[in-house]
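Have a look at the structure below before the remarks.
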Amino acid sequence: MAKVNITRDLIRRQIKERGALSFERRYHVTDPFIRRLGLEAELQGHSGCVNCLEWNEKGDLLASGSDDQHTIVWDPLHHKKLLSMHTGHTANIFSVKFLPHAGDRILITGAADSKVHVHDLTVKETIHMFGDHTNRVKRIATAPMWPNTFWSAAEDGLIRQYDLRENSKHSEVLIDLTEYCGQLVEAKCLTVNPQDNNCLAVGASGPFVRLYDIRMIHNHRKSMKQSPSAGVHTFCDRQKPLPDGAAQYYVAGHLPVKLPDYNNRLRVLVATYVTFSPNGTELLVNMGGEQVYLFDLTYKQRPYTFLLPRKCHSSGEVQNGKMSTNGVSNGVSNGLHLHSNGFRLPESRGHVSPQVELPPYLERVKQQANEAFACQQWTQAIQLYSKAVQRAPHNAMLYGNRAAAYMKRKWDGDHYDALRDCLKAISLNPCHLKAHFRLARCLFELKYVAEALECLDDFKGKFPEQAHSSACDALGRDITAALFSKNDGEEKKGPGGGAPVRLRSTSRKDSISEDEMVLRERSYDYQFRYCGHCNTTTDIKEANFFGSNAQYIVSGSDDGSFFIWEKETTNLVRVLQGDESIVNCLQPHPSYCFLATSGIDPVVRLWNPRPESEDLTGRVVEDMEGASQANQRRMNADPLEVMLLNMGYRITGLSSGGAGASDDEDSSEGQVQCRPS
């Protein structure tokens, strides 16, 4: 993170009044604050799990909702309970929101009884009750631009819109996910972009996160009502519930391919929380059953695929597994289109410029990363390479080395990140030998077997002296065996046994519409991935930006901890014990370095930077890598074992630290080693 000089900036703030806002943003959350973050207080008053937290706009009030069906409004700065009221719900409260521009007087709650209630805090009364949903209400969303309007997401698959100015006690359906995904789909979370209140993000069952343009949807419905043929429909002329261009989908590029494997292992993928960055340009998703992902909404990118420059300098120019030249990007977009008839190998374009040496301090970081790699400390190596990549984003060697570390660590999603790094390295240096070979291995591990074979053949053509190395031979045997296994499986299925992916189900319950398939195929990929936590047990687990400039990412975890990462490097910087069982909720204060958390314990915990004289060891998880490895095993464990673990039973191999030697990749790679350069 950038270095800070608070004395200098204080003087500048005194001299320049315009610098006050930038000062507040700069010192909202800093690296020293994160290092000193500790428990300040526990707010006691609930008698059940605390499932939701919400700050008011000024940050002097904090609302909480619980399994006890009560909501409490706190004065968090003085650790006082200001108000407690029974909400009228008959089941667990999952969401609580202050209505904007209402003087912190109106509070909205959604609960497992399928109801949405609106409360007037000044008189402690419920003034509106909506019962339109037919399943549990999981999230409420509000928008500053529309102070009388709010939205709800529920497990009936509906996104509903409410307008308190209308006398009707009913809401309207804004989005019906069952129209696209079948009756079994469940909406879990939603949020409105703070900078563009017409942009609504929705998380639901499955790996896809959806962005909708509310204004386009309303305009489309108005035009439909005004159309002379609005009431005349035939089977072939059914009106689309959403207009073209009103929805965009986002997904981690490797997840759609992994879905069959996850389903076989009863591993469920569901977006449990979505939120926008303060400037509205990024979308953060906590993917249940997987990791935390950040999507760039401005510079969107398609999921990565196999894109290699055709032309390369002679293999004689390759030294120590890399060239002494630095290639430029071939300018081809990274769309995930692995067609059955193969893939295009685009021509490399542009002048190949000399490889720029790393500055001495980055060379030291790279050397430290190489040493960590040699000691099989894969996560440490990845973090060091990531630190160097942030400072030298055009160095092909760093991407190639980090790819090797990802391939060795083999956490969920690591092979896809390695694929991305290999492609980046090749775009910077089209003759990066190791990146070419690792790319073939990544494609194989990601189940793109035919593409892996093509990639390996291309590698042998570019680097003929490596064609008969033991590494090439071993990978070739693996690919051949996988192809035979795949063909054998298809033959056993018999005619018609291998149904195409896009074959629509005849069952209304699980049918996916053609429009939905098109939107999924056009999905955008993530920019950053954050690993270490575990999100498999609850479907309300949050992840949030921390800091006015979104410098950090925070997330709860099934192990009772919450995790803090640097946003740009994705490096894990702190883990704190926040609950005896599970941390679900993390809500940062709007302007202070102040964090409210809650989970299974019936308390709200407040965290802020503590004095240097205070001992923080009681809540700090020192072995962050060990905790992360244990969570990776927990995510891949049998669901019954996870349930027993959460009940307090000790499962050998799950609750203990250490990576386990059985996960190590075969090290006999011959001449093309997976070690870093």
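Keep in mind that glycine also has a Cβ here, set from the backbone N, Cα and C atoms.
Taken from Swiss-Prot as is:
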MOD_RES   Ser353  phosphoserine
MOD_RES   Ser511  phosphoserine
REGION    487-509  region 'Disordered'
REGION    655-677  region 'Disordered'
REPEAT    45-84  repeat 'WD 1'
REPEAT    88-129  repeat 'WD 2'
REPEAT    132-172  repeat 'WD 3'
REPEAT    182-222  repeat 'WD 4'
REPEAT    265-305  repeat 'WD 5'
REPEAT    362-395  repeat 'TPR 1'
REPEAT    397-432  repeat 'TPR 2'
REPEAT    535-575  repeat 'WD 6'
REPEAT    578-617  repeat 'WD 7'
Q.
I need to check the long-range neighbours of the repeat 'WD 5' (265-305): which residues 6 or more away from its ends have a CB within less than 8 Å of a CB in the stretch?
A. 186, 188-196, 199, 201-207, 209, 211, 250-255, 259, 333-338, 343, 412-413, 416, 419-420, 423, 523-531, 533, 535-536, 538-545, 548-550, 553, 555, 565, 567, 635-636, 639
Q | Secondary structure composition of the repeat 'WD 2' (88-129) [DSSP: H/G/I, E/B, coil] | A | 0 helix, 22 strand, 20 coil
Q: Give me the stretch from 132-172, 182-222, 362-395, 578-617 with the greatest number of Cβ pairs under 8 Å to the repeat 'WD 1' (45-84).
A: 578-617
Q | Close approaches to the repeat 'WD 4' (182-222) from elsewhere in its chain (Cβ under 8 angstroms; 6 or more beyond its ends) | A | 135, 138-139, 141-146, 151-159, 174-175, 242-243, 245-252, 255-256, 259, 268-276, 278-281, 283, 285, 287-288, 290, 295, 297, 505, 507-512, 519-520, 523, 539
Q: Quick one: average pLDDT across the repeat 'WD 3' (132-172), no decimals.
A: 95
Q: Tell me the Cβ neighbour count for Ser511 (phosphoserine), meaning other Cβ atoms within 10 Å of its Cβ, over all protein chains shown.
A: 16
Q | Per DSSP, three-state class assigned to Ser511 (phosphoserine) | A | coil
Q) Counting each residue once, how many in the repeat 'WD 6' (535-575) are helix, strand and coil under DSSP? A) 0 helix, 19 strand, 22 coil
